[in-house]
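To keep things clear, I will list the structure first and then write my remarks on it.
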Amino acid sequence: MVLSEPYWDHHIPLPKLGLLHSRLDLSPDTPLSNIWKNDFWGSNLSSNSSHKSYRPLTVLTFRINYLLAGGLHPIGFHALNVALHCVISVLMIDVFAILIGGLVHDGRGAKLNLSPKASFLAALFFAAHPVHTESVSRVGRRDSAGRLCLVNNLRLQCSISQCSLMLHEIYITRPVEKKASRSWCASHRWALQSAVAINSYRTLALACHGCVRAGKSLPMLRYLLFNQVAGIVGRADLLCALFFQLSFLVYCKAFQGGDKKFSVLWIFGSILLCAVAMLCKEQGITVLGVNAAYDILMVCNLNIYELAHRLLSRRKSADIVNYNYYYSLNAWLLLCPWWLCFDWSMGCVPLIKSATDWRIVWPLLLWCCLMGLVYQALCSQDSNKRRVGFVIAERVLYLSSAGYCLILAYAVGYCSCHWKKHKRLLRAATLTLLCVNVARSAQRSQQWRSEQSLFTSALSVCPLNAKVHYNVGKNLADKGNQSAAVKYYREAVRLHPKYVHAMNNLGNILKERNELKEAEELLSAAVHIQPDFAAAWMNLGIVQNSLKKFDEAEQSYWNAIRFRKKYPDCYYNLGRLYADLNRSIDALNAWRNATMLKPDHSLAWNNMPLFPAVWRMARFPDRSRLFKRVSQAGNLAQAELIGKEALKILPKDHTIMFSLANVLGKQEKYKESEGFFLNALKINPNIASCHGNLAVLYHRWGKLDLAKRHYELSLRLDPSAPGTKENYNMLKRKLEQRQRTVG
């Protein structure tokens with residue numbers, strides 16, 4: 001009688017995304033203190049591979065989502081994003097009211113909103129802007145979360161009817177007198193001035209932020225962190241915007257009673273909220289610049305247009321030359337502090353009054369030096385090697401778009417004051433703009449309903465973006481359409497010849513299609529471009545092992561472990577290599593390392609040589625002799641202990657139950673073996689090998705009717721199961737012989 005033995009595929013599938021870091025900070029088992037030590041992507045801040053984006057409060061909200069939802073369910077994450085956007089949109093009314101109408105209080109100290117309808121219109125423009133779709137919708141995958149993406153759009157559509165009535169009352173129905181018109185335009189001068197200043201400041205700050213993080217571009221491997229969650233970066237922008245607004249409003253609260261009642265406590269609260277915004281996303285610090293601009297423009301009542309006009313109209317060319325000469329003198333004092341004086345006034349520095357004065361050379365020399373430094377910074381060879389975090393990202397425009405919405409509302413108000421004959425046209429244009437924004441938001445939300453629609457929509461926008469083709473290819477590969485995936489991966493590599501992640505995934509597919517030579521070339525090129533790409537080294541080792549290049553495969557595995565110390569999958573594959581070379585002790589040590597680093601590594605537990613040497617028996621020509629040797633050496637008893645140890649860690653793993661049942665059956669512990677077989681079949685009833693081996697167990701145990709039943713189930717699931725037909729025919733002969741004996 002032949003025992004049907006299981007055959008294991010010892011190679012794990014090549015990772016689709018190379019360095020795949022799961023966000024361990026979300027798990028309740030992870031200490032809460034980890035969020036203060038790790039970056040936004042779960043890597044330790046001190047690590048060289050860290051993204052250096054420190055957003056612990058944002059991660060804390062993810063952890064709360066995780067606890068409330070009981071796991072990574074996109075609906076809860078997206079619902080909170082929608083709620084945050086609603087709160088931010090409402091707070092925008094107060095922010096715009098201050099920027100448009102100024103900070104005015106009544107006799108009791110209560111703040112007055114001098115432009116409630118204009119501020120509401122600006123806030124509505126902000127709420128309905130399509131560029132916010134990424135920040136609000138960027139949590140979730142597939143239809144469940146995609147349907148929630150439309151919640152915000154439905155809310156905005158309901159607001160349009162209310163806005164139309166208000167617009168009709170503000171700009172169309174209510175008569176506007178000349179005096180009121182002048183007053184409205186005068187008060188809104190601050191709105192335009194503030195919007196330009198704030199928008200310019202934030203744009204410059206974001207650009208500087210991108211430059212500071214040179215070389216820290218976010219690889220696509222972290223773009224898809226979970227199987228259930230497509231992306232979670234937008235939450236950081238929402239939280240940052242919320243506390244940004246609160247910090248600004250609290251800062252304005254400090255001036256509630258005028259200069260005489262200036263409150264240091266409110267200023268401290270504003271700074272504290274600024275710190276909270278920074279802990280949500282780094283750009284939160286820009287609120288300090290906005291507060292300073294508000295202080296100068298609104299509190300100090302500085303008119304920058306008038307100031308610039310006075311400076312430019314009064315200053316003569318001679319004054320400009322002399323000021324630049326003073327700058328050159330200051331620069332010289334820094335370079336050569338020998339010519340020093342306790343007082344430089346009262347004609348100490350004679351003025352330059354003519355172009356023939358030789359001292360005019362010094363301002364020219366100063367500006368030549370400055371221009372040379374700028375050229376060196378922007379045009380040198382080193383500057384070409386620097387990369388910023390991103391070129392364009394819609395989410396970073398989330399808060400910056402407030403300035404645009406403020407200018408747009410100002411333009412509508414200005415036109416309503418000066419184009420009285422075209423009020424109906426103005427109302428129609430405004431409502432049309434809102435409807436178009438809402439429709440575009442709904443369309444964009446629809447694209448976020450699935451990875452396929454999201455990635456495919458980017459092909460028409462950015463056809464030269466290698467990452468777009470990479471994402472489309474990966475999505476197709478995940479769905480099993482490898483032929484189409486290869487096409488997009490090849491296009492990604494063509495557009496970006498150094499795109500190592502595309503090379504890695506393409507090499508994976510080629511390996512599965514048994515095109516090993518090309519797979520080896522791609523993976524070798526990937527590790528040559530990025531020598532610390534641990535996943536590519538491991539995958540290269542798998543391909544080299546398949547090509548029987550064992551020495552090179554071993555070196556590739558060790559390179560992967562060198563660049564990533566805690567790499568259980570690589571230890572597992574290394575053990576598989578040693579098993580192929582009959583280096584049993586080395587294989588055991590490698591698999592032990594895999595289970596120590598990852599206790600629930602099922603494949604490592606199943607493939608340990610002492611647990612239960614089943615796969616070796618499947619290859620050994622004389623199974624009975626090998627089984628005798630294993631039994632005499634006591635390996636089956638050790639295999640039983642290892643199997644039960646593995647089940648303590650992985651109590652629901654049917655593959656471990658199956659292997660342990662085989663070991664117990666070989667030791668003639670039929671009752672215990674039967675229990676593990678049946679438990680494995682409860683978890684997965686469609687395992688042909690499990691039915692076949694359970695039939696063998698019953699066959700040996702003498703329960704022939706049960707053996708016949710499970711042989712038939714095994715053959716029904718897999719008619720070509722090795723050894724099952726022979727065993728079944730043997731059983732039928734035995735049953736026929738028993739019937740003849742009874743007869």
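Using the three backbone atoms N, Cα and C, a Cβ is placed for every residue, glycine included.
As the structure is a computational prediction, the values presented were derived from the model and not from experiment.
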Segment assigned the feature transmembrane segment in TrEMBL (from 218-237, 398-417):
398-417
Residue distribution over DSSP helix, strand and coil in the repeat 'TPR' (500-533):
27 helix, 0 strand, 7 coil
DSSP says what for the repeat 'TPR' (688-721): how many helix, strand, coil residues?
28 helix, 0 strand, 6 coil
Residues of the parent chain within Cβ reach of the repeat 'TPR' (688-721), under 8 Å, 6 or more residues beyond its termini:
1, 3-6, 654, 658, 661-662, 665, 668, 670, 673-674, 677-678, 680-681, 727-728, 731-732, 734-735, 738
